[in-house]
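For reference, the structure discussed in these notes is given below.
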Amino acid sequence: MRAATYLFIFLNLSLALFEEPAVYPLPFLATSVLEVLCLLVFLGRLTHFAKVTLRRVFWKDTKNICIVVAILLSLTDLAVCGVLRLYDVRHMRWSRIVRPIFLVNFAESRQIRRAFRNIRNTLPEITYVFLLFMFSLLMFSLMALKLFGERSLQTAEGLPYFRNYLEIVFDLYVLVTTANSPDVMMPAFDFSSWYALFFIAFVIVNTYIFMSLFLAVVYNNYKKHLKVMPGGACD
């Protein structure tokens, strides 16, 4: 039963590769039949569990309620999508986002659920570090706007350089990963080599200091919650 459950969960999650927009598109009817088959297996698994469980205990379990809701949402979305396709109306399968619920909430997925709960408990405690990082990013973006926005600089493609605040925030956010380095600083560097100091300071503060601090906070809090959870271990 466990192997069968995991097999159909895997098939259900794999449908994202074949539904429009898809990597390997299949006819709507084929993906719909496979999804209905998976949902019927999940419903049968849940019904079997309900037969051997007291009703008040079954409906008190949040996991069972999540699975029932996910099945209903998936069937509703599938029916709406089928009707809209009859009228040649494009429809995005929004119910894809509920499919991981089956992986997390079945009784066999205890370890996955434990890891998910640990991550959920860790997130509030890293909020302050994340907000501090975002504040630094926004302040550096504001400085970049003041430094370069009035100098009529252009990128290699001839586009305005650092004149829109939101675009600056995005470019500097990407710079934290160094994915656009050194391209993002070249127009300013060509204007004056001293402007390289701004980008060096940004990388030191946000990439080397804040990212290391963020990683340390995430690791320490995750490890702490792993210790206090029932059955948790640090190895």
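Every residue gets a Cβ built from N, Cα and C, even glycine.
All TrEMBL annotations are machine predictions without curation.
What TrEMBL annotates here:
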- 1-16: signal peptide (SIGNAL)
- 6-224: domain 'Ion transport' (DOMAIN)
- 26-44: transmembrane segment (TRANSMEM)
- 65-87: transmembrane segment (TRANSMEM)
- 126-145: transmembrane segment (TRANSMEM)
- 165-182: transmembrane segment (TRANSMEM)
- 194-219: transmembrane segment (TRANSMEM)
Contact yes or no, the transmembrane segment (194-219) and the transmembrane segment (126-145), 3+ Cβ pairs under 8 Å, gap 6+:
yes
Checking distant contacts: for the signal peptide (1-16), what same-chain residues at least six beyond its ends satisfy Cβ-Cβ under 8 A?
22, 31, 34-35, 37-39, 41-42, 45, 96, 99-100, 102-103, 106, 108
Grab the same-chain neighbours of the transmembrane segment (26-44) for me: Cβ-Cβ under 8 Å, and only residues 6 or more beyond its ends, written as numbers and ranges.
4-5, 8-9, 11-12, 15, 18-20, 67, 71, 74-75, 78, 81-82, 85, 102
In terms of Cβ proximity under 8 Å, which residues at least six beyond the ends of the transmembrane segment (65-87) contact it?
28, 32, 35-36, 39, 42-43, 46, 59, 93-95, 98-99, 101-102, 104-106
Are there residues at least 6 beyond the ends of the transmembrane segment (126-145) whose Cβ is under 8 Å from a Cβ of it, and what are they?
162-163, 165, 168-169, 172-173, 176, 198, 202, 205-206, 210, 213-214, 217-218, 221
Confidence summary for the domain 'Ion transport' (6-224), mean pLDDT rounded:
87
